[in-house]
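Worksheet: one structure, shown below.
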Amino acid sequence: MTAIEQEVEGLSEAEARAELDRLHEAIGAADRAYFEADAPEIIDAEYDAMKRRYQAIETAFPELKRPDSLSDKVAGAPVEGFAKIKHAVPMLSLGKAYTDQDVIDFAERGKRFFERDKDLELVFTAEPKIDGLSASLRYENGVLVKGATRGDGAVGEDITENLKTIADIPHRLEGRGWPEAIEIRGEVYMTYAEFQALKARSAAAGGQDYVNPRNTAAGSLRQKDPAVTASRNLKFFAYAWGFASADPAPTQYEAVHKFAAWGFAVSPLMVRCRTVDDLLAQYRIIEAKRSALGYDIDGVVYKLDNLDLQRRWGTVTGEPRWAIAHKFPAEQATTVLNRIDIQVGRTGTLAPVARLSPVTVGGVVVENATLHNEDYIKGFDSFGEPIRDGVDIRLGDTVVIQRAGDVIPQIVKVILDKRPASAVPYEFPHVCPVCGSPAVREVNEKTGKEDARRRCTGELICAAQAIERLRHFVSRNAMDIEGLGAENIDLFFSEGLVATAADIFTLRDRADDVRKAFHKRREAQAAEREKASGRARKKVLSAEERTYEGLDKLFAAIDARREPELDRFIFALGIRHIGETTAAALAKTFGTMEEFIRIGKEAAAHADNPREVFPSVDGIGDTVIGSLVSFFGNDRNDQVVAALLAQVRPKPYVVTISADSQVAGKTVVFTGSLEKMTRGEAKAMAERLGAKVAGSVSAKTDIVVAGPGAGSKLKSAEALGVLVLDEDGWLDLVKQ
Ligand code: IVH
C-alpha cells in the first residue's frame, strides 16, 4: 500500500466526501485538458496518483461512490449510443517484447513446447504493429453484415455503417474460396497526411485541435453520422481473424494473402522467417522504414505461421502464446528550446509550453512540448524526485524530445554541453498572463505540501477561465438551467453574447442575436455535413422555425431559475474548493446571500486571521476559508457577483422544522448510491423535515435509506432491526 492510500483510512466520512468531489473535479479537468484542449495540465505521475487516491477512497467508503464514478469509465469500453456486439471469438491482445533477448526467449518457449516433435521447423511471420484501433468485420456468404470495435475484447460497439465508409474494407468479398462465415480482423488507422489535412481544415474553421492520428481515428470511428467518418478517409489493414466456419488457409501467411485476394488492404511488409536472427533482422528493416511509412507503427508482431501449431500452443489470459509484439523504443530527436509560453487552462492552471525549433519525430513535425509545471522545468517533481537527473530547462537549451504512442512530446534530456553560456534559470511568472491576477501555488492543508501547479486567482474575471465557469454555473447540480448545456454556453460565449453569468439573464433582451447565433451554428453544421457527404441538404427553413420555438423555451427556463436555492447558487459561483456539500453548509450557516457576502468580506479584511470573524462551520477548514478570503478580497469578483444579484434573488435558506412530518426527530442514515437526488440534497431535505442525519448506524438509528451498492451499514441496520427503506420508500414517507 502506498503512503497516499494509507492516509485515506484516517479520513472522516465528511472529509472523504469532500476529497472525492475534489478529485472527481480535478481528474475530469485533467481529462478535458488532455483530450479536448491538447494542453495537459499535470504530469502523468500526478494524474495516476489522483486516480489511485480516488479509487482508494471509494474502496474505503463504498457508500460515497458517486453514480457518475470515474472508476466505472473503463477506457475503450463500449460507449453509450452504439449497440453492443458480442464477438463470436474474443479479440485478444498480444504479449510484449522490449529487447532482443525477449524475442529469443519467445522462440525458446516455442522450441520447448514442441520439443517432442523432433524435426519440426517453427516458421514465424513478422509484420508491422499498426498503431490504430482494431476492428472486427463479420462476413456471411461473402457479405459484410456487422462491423465492431474491440471494446473490452469480449463485447464491442456496432459501428458497421462507419466501417463501411473505409475504402480498404470491401462490402462484398471478391474472388472465391471464402468461408461461409468469417470475422476478419485488422487495424483502422489514419495517415499523417490525412491527420495534417484535418488539423488544417479544423484550424481554418476555428474548430477543435486534434492530439494525434490514433485518437483522431478513434474519434472518427465513433461518429454518430457516418458521413463524418467518411470525410476522415480512414484506412484499414487486415491481419487476423476471429470466428471462421473454416480455416481461411493452413498458415497465417497464406491466410493474409487470401484476404488481399478478397479485396482487403494488407501490410506489404509481412514476411516469413525461419530463425530468430531472421525475425530480428526483419525488425530492424521495418524500424528503418518506419519514418517513411506515413502512418504510426509501434513495433513488429511475430506470429507462428502454421495454424494447427497455433492451436496446439494455445492461449493464456487473453493473449495467444504463439504471437508476440516486439515494441519499438520511444522515438527521440534533438532540437532547441526557443521560447516558453504560459497557457492558462480552463481551471486557471498556468501550463508552460515549450516552443521548439521544428523537428521530425517518427514522421510527425513537432514544434511544441509540454513542460507541465514550474517544478518540472526546475528538474524536480512534486514528490521531490529528480526529473532528467535534476537538470533544469533553460531558454536556448538543446534538448532531446521523445514521442511515444499517445503521449504528447516530452523533453527527456538537456544536452548540457550545448547550453549557451548566457543561459539563466527560467523564472516562472507569478501573475496570470491572461488577466494579470496573482498566480499562486496553494498549500495542501493536510499534507502541508505546495501544489506543483501555479494557479490564477482571477476567479470570475479571468477570460481563460470564463467558459469553464459558465458551464459550471448552468450545470445540473448548480443552477440547472434546462436547455442551456455546455454546448449552448460555448456558442453564446464564442458569439460574444455571454461573458459572465449575469449575461445569461439578459439574453431575452437580445433574442434576435441569440436566434442569429443558433442559425449560424445550424448553417455551419449543415455545410459540414454537406461537404462530408456530397449531398445537398433540405429542410433548412423548418429547422429555422424550430429555432424560434426553442428560443421561447430557453428564455422561460432561464426565468424559472431567477430565484435559485441559496446552496445551489453558492455552488454555482464556482469558488475554488466550494463543492456542493460545502456550499450547503455555508448556506445553512449564513441563511442569506447578503450575510454570506458580509462575512466573506469581513474575513477578507482580516486576511491575517480570518478565523476571528468566520463562524465555525461543520466541515469547513483553512483551505475553504483561504479560498473565500481570496475570492472576497478581489474587487472585480464583487462586480461580477453584484451584476448577478441584479438579475437573480437567491432564496434565503430556511430550516423549516416541521414537527408534524413523519420523520421529525428521527435519526436517518443514507447509504449506497441515490439516483433521484444527490447526497447533499437528500441530507438537506431530511434536515428541513426535522430529522437528524447521521453517518453511521447504531442503536439510535431510526431509518436507514439504502440505495444500490449499500454494504456494511445495511448489514448493521438489518442486524439491529432498524427500518430500512429504498429511495422511493423514503420519498413516499416524506411526501405523506
Ligand atoms: S494480431 C491474436 N497483428 O495490437 C492476435 N495485432 O496488442 C491478434 N495490432 O489489439 C492481434 N497491428 O489492435 C495483430 N499486425 C498486427 C497488429 C496488431 C496492430 C494491434 C491490435 C491488437 C493489439 C494487440
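Just so it is clear, glycine is given a Cβ too, placed from its N, Cα and C backbone atoms.
Feature annotations, courtesy of TrEMBL:
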ACT_SITE  LYS129  active site, N6-AMP-lysine intermediate
BINDING   ASP44, ALA45, GLU46, TYR47, ASP48, SER93, LEU94, GLU127, ARG150, GLU187, LYS303, LYS327  NAD(+) binding site
BINDING   CYS432, CYS435, CYS456, CYS462  Zn(2+) binding site
DOMAIN    658-736  domain 'BRCT'
Which same-chain residues, if any, lie at least 6 apart from CYS432 (Zn(2+) binding site) yet have Cβ under 8 Å of it: VAL344, GLY348, LEU350, PRO438, ALA439, CYS456, THR457, GLY458, CYS462, ALA464
Contacting recorded positions, sequence order - LEU94, LYS129, CYS432, CYS435, CYS456, CYS462 vs ligand 1, Cβ under 6 Å: LEU94, LYS129
For the Zn(2+) site built from CYS432, CYS435, CYS456, CYS462, further residues of that chain with CB within 8 A of the site's CB center: VAL344, GLY348, PRO433, VAL434, GLY436, SER437, ALA439, THR457, GLY458, ILE461, ALA463, ALA464, GLN465
ARG150 (NAD(+) binding site) - helix vs strand vs coil (DSSP): coil
CYS456 (Zn(2+) binding site) CB neighbourhood, other CB atoms within 10 A: 25
Helix, strand and coil residues within the domain 'BRCT' (658-736) as assigned by DSSP: 28 helix, 15 strand, 36 coil
Alpha-carbon spacing, LYS303 (NAD(+) binding site) to CYS435 (Zn(2+) binding site), which is rounded to whole Å: 57
Cα-Cα distance linking LYS129 (active site, N6-AMP-lysine intermediate) and LEU94 (NAD(+) binding site), given in Å to the nearest integer: 10
Per-region confidence, the domain 'BRCT' (658-736) (mean pLDDT, whole number): 84
Listed in sequence order, residues with CB under 8 A of CYS435 (Zn(2+) binding site) and six or more positions away: CYS456, GLY458, ILE461, CYS462, ALA463, ALA464
Cβ neighbour count within 10 Å of LEU94 (NAD(+) binding site): 18
Cα distance (Å, whole number) from ARG150 (NAD(+) binding site) to the residue listed as 'active site, N6-AMP-lysine intermediate': 16
Three-class DSSP secondary structure - CYS456 (Zn(2+) binding site): strand
All-chain count of other Cβ atoms within 10 Å of ARG150 (NAD(+) binding site): 20
